[in-house]
2 protein chains.
Amino acid sequence: MMVSIVQRLVLSVTLLFCLTSVLCNAPTDIKLDEKAKRIHRIDCLNILVYVLLLILTVCTIWLFKRRRARFLHETGLAIIYGLVVGAIIRYGGEDTEVVFVAVKPISHNNTPVDIPPDNLFYTMEVKGNPVKGDLDYLNKTYAYVFRGEVTDVESKKLDQKATFDPEIFFNIILPPIIFNAGYSLKRRHFFRNLGAIMTYAFIGTTISCFVVGIVIYAFIQLMPHLQFSFTDCLYFGAIISATDPVTVLALLSDLHVDVNLYALVFGESILNDAVAIVLSGSINSYEELYGTQSGGFEVQACFKSVGNFIYIFICSFLIGSVTGCCTALLTKFTRLNDFPLLESSLFLLMSYSTFLISEAADLSGIVAVLFCGICQAHYTYNNLSDESRIRTKQLFELLSFVAESFIFTYIGVSMFTFTKHLWDVGFIIVAFLAIAVGRAVHVYPLSFLLNLGRHNKISLNFQHMLFFSGLRGAMAFALAFRNTLSEPRQLILTTTSMIAIVTVFFCGGITTQLLTWLGIPVGVEEEHEMLQLSGAQAVYNTMDSQATPQVSTPNELRSPPPVPENRTPYEKAWLVRKWHNFDVMFMKPLLTHSQPTLMETLPGCCLPFSKLLTTEKQLSQEGIMHNDDDSDSDLEIIESNFTTFRGRGLSSQNSVTKPFCIEDANATVSDPQSPEKNTSVQGDIGIGSGLNLRTHTRIKIPGFEGEPV
Amino acid sequence: MMVSIVQRLVLSVTLLFCLTSVLCNAPTDIKLDEKAKRIHRIDCLNILVYVLLLILTVCTIWLFKRRRARFLHETGLAIIYGLVVGAIIRYGGEDTEVVFVAVKPISHNNTPVDIPPDNLFYTMEVKGNPVKGDLDYLNKTYAYVFRGEVTDVESKKLDQKATFDPEIFFNIILPPIIFNAGYSLKRRHFFRNLGAIMTYAFIGTTISCFVVGIVIYAFIQLMPHLQFSFTDCLYFGAIISATDPVTVLALLSDLHVDVNLYALVFGESILNDAVAIVLSGSINSYEELYGTQSGGFEVQACFKSVGNFIYIFICSFLIGSVTGCCTALLTKFTRLNDFPLLESSLFLLMSYSTFLISEAADLSGIVAVLFCGICQAHYTYNNLSDESRIRTKQLFELLSFVAESFIFTYIGVSMFTFTKHLWDVGFIIVAFLAIAVGRAVHVYPLSFLLNLGRHNKISLNFQHMLFFSGLRGAMAFALAFRNTLSEPRQLILTTTSMIAIVTVFFCGGITTQLLTWLGIPVGVEEEHEMLQLSGAQAVYNTMDSQATPQVSTPNELRSPPPVPENRTPYEKAWLVRKWHNFDVMFMKPLLTHSQPTLMETLPGCCLPFSKLLTTEKQLSQEGIMHNDDDSDSDLEIIESNFTTFRGRGLSSQNSVTKPFCIEDANATVSDPQSPEKNTSVQGDIGIGSGLNLRTHTRIKIPGFEGEPV
């Protein structure tokens, strides 16, 4: 929307500028001015339509939440409103006439033009007897910029009705959503299931992509009227294989489903977005470089694409992490947190610069921004002032919510207003079949393989749920919307829109029912999760059985939990453990005010260096923020880490039992005597998990303080 | 920046779309793809330049704040960085070559084209022997949109270097700044000085506009090489008469200058922005309709312009207020505040929709958004949940800060990158003289007239300060930037940029010194202001003398203040009092949860109606939020209001003494036993007054709770 509108705004306004004041001869000017104003008005109305739609959606979401209506989810709601308004705009609105002139070139400049030029320069000529006002336009040269191909040459009409440039999705709408996903990630559960998540996201998405491509290609042979090359099929597979974090997050987080299931579904969907973007980019560039009309496939080129894929992913990851760490360093070594506004601005700007740097370097901005978000949450967040913590979380939550709602509204509207839809019922049916097969081939075998190495098995019911939660949404739509010039791509867009709408409605509506059928506990409160921490083994034993959620009273929780040494490990991720050790020993002391400091963890020879990197605050604070307080640590890992740590003969008194010291000052959040304090903490904690803040306020262990939940 | 970048992005991306996948013939595709990617990279780099500049500015601002450097203000800093980078871009960067084709029309469509058309349609023709890849472009029609006039016809170059469309200022950058100004307005001081502020803003700005116009026009006669019509001079007067709220806010708020002076300066600058926008629009449309090359001036047309001015101002005001009230009603009658995220989103969307509605209706979006901000703060804010209060204030504060910094950076950069600057030292000197004369003619006579009716006189020193604080900044620049097609307008832009830069540096650097010379108290803390409340007469008596600020210790403040009945009124603004009565009796009970309810204030016959409009919360809460607690009430007015109120025999026990009950639960903010609570309130209150939160935490009277200060 925005770009088309901005473009028209630019157009209208430049026209206005060009003409209002330079020329003062009444008739032409007034006509022009009127026209420019009319276009400006239409632009504003265009945006207004979406803003009003969003207002309507917000109000209805509230009604639904209040009535606890589960049959239709808010994302579905946004789509419905979008569809209705799209239909009204399509069939109700009048066409605005666009003045155009067909032109031919006078002369080329030096370079031979074998592609459509960026600019046309047009010198006004007035036919017949020029009236006085017209003279001003003579011998003036105007610049015109490339807009796109005119497909409908007869009507010579450009599609400008409530559609907007797909790049806006990637450059303005998606970054805050993805950043917020990274920033509000429940990292403890994420890292605990990292192996499984990465397997699903990387290997699973690739499998799904190829399976979908092959299934589609097989069926395409039966539909000779469709001109689909094999790379087209693969491209469709890449686009459609990304499950949508937005929808999944909204659905499962509202239901308070089992945290591990949530982590698996959400983690996969967030990472496979990045995978899908890079994958589709690779297929595109493969097609460009080696593709032939016959759709052949060369092994060497394929390997090159894989290499390209890995290169882009790793570099983007590095850029994101490095920018995150730079922000952490900046906030650690300047006392910027005396000025929360400056601090928040810096945070915002640094995060957005990640995206820009990586796009400017031809890498994936989305991947970079995701990992930047994770880094910011893991390191920078600890250095921020209380006000900035609240502010940044609330800011990104808000931006992300509005952006999400906008995307779903837009999916609805564009079903009608976008004129290049190409309908083929056969293809859509085949596509549904293909994604089901692709999802099944990806979930079940991978889960089987994963279960071979996992202590806490992924139960069959969880696998069914994983299969089922493969909703397609905003990301698939955005990718499909990116390119709609050829017929196959138009068909892909239509199919993707349909799949997004159907999965959101169908899967969204049936999720609650399905969770009951599969016996997966819903309404699992954060307290329950807290209990798991102290008695992890017990809870994980019951995970496969159909246990009802054990919602405990706050008093129960206040009882001193058992010492962690008694627990048995539930997962041994070697890489994760190694990373965690490195993180606690070097990264955290370097990037945050946490203890132990670098002076303790680095070898003696580095002392001058490490002294330089240790702040006074870090030295002076005792027990304010120990590494082990950080709740994204795995308890098992903490244990092993501090065993190592003790082995080096360094002071770590009080550190192991610390995370369980619930009677800490910070833990008395729900103290009825301080309602205001309670509120402020509510604002502090409940952000990451959607809209329902209620469930997080009952108890707070110290570890929670160090991260945005 | 953004639009030019967005436009080029669109250009590049459409090119990319157009070509990457449709055609699979190697050489041309790769070339095109490379080119598209290059353009995309450049776009990202363009934005990145500004983002990095802002990061640098934020970091340096911190340094300056920490070192308490007063000689150079942060806005000056942003400009300096902008200038440096602008120079680097201008002289250091390489030119990116733009492929262009000069064209002539083949055929017109039905309507005769007497103005530059919106679109050109260009059908590719390949000269010579087309290579295989070229064939794909043959017989394809491409659309081109109007961009602007090419001034530098020889080099045929478009200015695309780090410049952006001025409409972005008006549609994206300015709205959050102005909204935030309204939302965080210290309404008590604002309303107390409303008469003076309105006089300065409306009459003063108009006087200044005409005086500047006449002075310039007089001098223009001595400079025959300049082609400046009288309307051009007036237009310049209108543009340059708006003092800048951004710079003034930043400077005076940091210094904690006397609150009444602050209210006068800030109030004037915020309203005269709106006045300047409407005024320059009126002059523009006057010029369009009646202007002749000789610059004649017709009385009838002039009156029509004045009528137009009033119409636009009042309608915009109404749209802003009505949207604000609608938001208040929505938040009052839905229980949306159970879901702070939805609530904040609604708030944001409603506020932005005000701007769009007003622009779509051909009115002034800036005026609408300003009054919408004031309404939101006055009514809606009271209905919001605590979380939303913090969130909305912090959000708009952040947006406003980033937008402000961006504008000043951009003023610096554009001095070099904008190629249409037209330098005329004589004109610039005359302009400086003219604005000084215009400001003097506006401040001193009006102050004299105002003092005739005011109890608390505006002292001569205050008048000097008012004269001096006529900084020109973002708004003047934005207005001048809007139209740069003719030579007079280019000269206006250059002069305005220079004036903005010089006033920011000169006035900004000298303000502290000047305040000392004039004996105006700085470092006046909010406590001092609180004292004034309880002993208003005493303080206002000393206002004309050069009293040093009486910074009191918190203990002094805790002593029970005198009963309000003892005080004498210090201002009798009849309109303000009438409005306040109406506000307390009808508007607040209708729009917020305040008491007395409509059931009490409306006549008995309206009972069913008023019952409908009264919420349960409103009835059930006792003393939670009385109208008289609202701190934007004038104490004198409260008194008179409740005299009326009592006269009607309604219950108002406890209401008069309530605002002075400092030992209220809400007042113990700085209680050392609750540091966390303290922090949360700090975040709550200190927003409006720039970055310095420290000063507001010592004491808080209950009335403060109901508004964002």
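In case you wondered, yes, glycine gets a Cβ from its N, Cα and C as well.
Summarising the annotation, TrEMBL assigns signal peptide to A:1-24. Positions annotated as transmembrane segment by TrEMBL: A:48-64, A:76-93, A:168-185, A:197-222, A:234-252, A:309-330, A:350-374, A:395-413, A:425-453, A:491-511. Annotation source TrEMBL lists domain 'Cation/H+ exchanger transmembrane' at A:55-517. Annotation source TrEMBL lists compositional bias 'Polar residues' at A:545-556, A:667-682. According to TrEMBL, the region 'Disordered' annotation covers A:545-565, A:667-687.
Of the candidate ranges A:76-93, A:168-185, A:309-330, A:425-453, A:491-511, A:76-93 has the most C-beta pairs within less than 8 angstroms of the transmembrane segment (A:48-64). Relative to the transmembrane segment (A:395-413), the listed stretch A:76-93 leads the set A:76-93, A:168-185, A:491-511 in CB pairs under 8 A.
Per-stretch counts of Cβ pairs under 8 Å to the transmembrane segment (A:76-93) identify A:491-511 as the leading one among A:168-185, A:197-222, A:309-330, A:350-374, A:491-511. Tertiary proximity for the transmembrane segment (A:309-330) is limited to same-chain residues at least six positions away from its ends with a CB under 8 Å from its CB atoms, namely 274-275, 278-279, 281-282, 336, 346-347, 350-351, 353-354, 357-358, 361, 363-376, 378-380, 383, 587, 590-592.
Outside the transmembrane segment (A:350-374), and at least 6 residues removed from its termini, the chain residues within Cβ reach (under 8 Å) are 170-171, 174-175, 178-183, 185, 187, 270-271, 273-274, 277-278, 281, 312-313, 315-317, 319-321, 323-324, 326-327, 330.
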